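Supplied in structure tokens, the structure appears directly below.
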Amino acid sequence: MFLDYYNLSPLLMQIHAFLCSVMPEWLALTLEGLVVGVFILVMYAVLAIILIYMERKVCAAFQCRIGPNRVGGKGGLLQVPADVLKILTKEIISLKHSDHFLYALAPFLVILASILTFSCLPWNKGGEILHMNIGIFFVLAASSIGVLGILLAGWSSNSKYTLIGAVRSGAMIISYELSIGLSVLTMVVMSGAMDIQTIVEGQANGWNIFKGHIPAIMAFIIYLIAGNAEANRGPFDLAEAEQELTAGYHTEYSGMHFGFFYLAEYLNLFITAGIATTLFLGGWMPLHIAGLDGLNMVMDYIPGFVWFIGKTFFIVFLLMWIRWTFPRLRIDQVLTLEWKYLMPLSLVVLLLMTVCKVFGLTF
Amino acid sequence: MNISLQEIVFYIVGACIIACSILAVTTGKILRAATYLLFVLLGTGAIYGILGYTFLSAVQLMVYAGGIVVLYVFSILLTQSDKNMKYKINRAKLISVLLTIVIGAALVLFLVMTNGFALNLIPQGVELPVENIGHALIGTGKYQFVLPFEVVSVLLLACMIGAILIARKQK
């Protein structure tokens, strides 16, 4: 097969065999688990820094500003690392008359859900971290824990603003999970598999968004809208409605506790984009145009993870574009949009896709 | 001693489940109880994962952790039932509780002793293919469950209609 020279699994198998030859298997497995865990956390932090820098630059461009431009040379490249150092040294305040255990736990629940879904992304051929035959369903399931962290954060801060903010954000996230689930289900019907690697490999002869034509494009748009809401961003950033809720559910958090919410927001953005890449834009599959064999050959020489990260950042850019273009919705508008328009539409798209699939109308 | 890595993980998860179950019923605050319940459900999901039944593990996460517990927390937040729940237990109640525990433990022990564990029923380290689960869920043959599946959907429909009736504004 044409993609095999970037397949990671033979290399990983060799490393595993080597480790097993010098130490017992359980020790090898534990060590590998530790290394992979550290790798996930490092990727998580590095991506967050890149995304925050990108957000500030994109936002500035849309508002005809320059953005960070002082710290670290002309582009302000060291602005975000400096901010990270600052937030690491900030005091973590504790509140009177609040449940300290739940207050401290809530950010970790949010970050747990985010890391679990993060480790399901298909980085490369043979480069998946959590691999199961129900992959995409696990992603949906794990991401549904995050809302609990938000609710607990709002309640345990012992403040009216955070409680209202948490109930609003929670209601929004639970509602938009329906649309996300239905549009993912549409693509599962399309590719006939829930395994993330199988979904990606099924797109070797064309990305799903081209193979599934009308229903796939509609599902893509629904997914982007609902994904923006799931990540608490874009026109759905109710938590940031300063004039009514101060800062929503994370008003009372400081230092790294707030940092966790912030980190999770940006990584959820990346995960949303990554899952969209996997489902619609072919994951790590290179772009092929039928008939142009020379071009296809060149595309094949670009490694899979470059394709995956490139496409994901393209969708991240789309989502930022949405965020900085549309005004914020009110809570009733948010819920109306979901329950009266988006969810019925995604049911129709699911039906349409099933009909197309049954009558062989997809490519 | 010959313990596999799987067994070690199982015992750790099991210990967490037991600890959180006890905490869930002994804690004084209702929202903390819901949180400990969440950990118990996450642990159960992890055990399904160890068994290789990842579908049930994800269903456990989705339905219980992401659905039921969220529902509990939401209703606790909306009803403001934020009182301390340290009730005094009188003697009659205590005796009946102890009796129930003893009878329950005896029943479980009896079942385990008489039947034993089905040790090699599930192949270790192999995932159950999701096609088999799908065919079993909506097939009509022997050991296939289309009728319960449909009955449950009727039940859910009834719940939804009931909820809409209750929540509807009076004219």
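Positions of Cβ are set from backbone N, Cα and C atoms, glycine also.
Features from TrEMBL:
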- A:33-53: transmembrane segment (TRANSMEM)
- A:101-124: transmembrane segment (TRANSMEM)
- A:130-153: transmembrane segment (TRANSMEM)
- A:174-194: transmembrane segment (TRANSMEM)
- A:206-226: transmembrane segment (TRANSMEM)
- A:266-289: transmembrane segment (TRANSMEM)
- A:301-321: transmembrane segment (TRANSMEM)
- A:341-360: transmembrane segment (TRANSMEM)
When only pairs 6 or more apart in sequence are counted, do the transmembrane segment (A:301-321) and the transmembrane segment (A:174-194) reach 3 or more Cβ pairs under 8 Å?
no
Examine the transmembrane segment (A:266-289) against the transmembrane segment (A:206-226) and state whether at least 3 Cβ pairs sit under 8 A, considering only residue pairs 6 or more apart.
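Checked: the transmembrane segment (A:266-289) vs the transmembrane segment (A:206-226), in contact.
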Which of A:33-53, A:101-124, A:341-360 shares the most C-beta pairs under 8 angstroms with the transmembrane segment (A:130-153)?
A:101-124
Near the transmembrane segment (A:341-360), which residues from the same chain, at least 6 beyond its ends, have a CB less than 8 A from one of its CBs?
175-176, 178-179, 182-183, 185-186, 189-190, 212, 214-216, 218-219, 222, 225-226
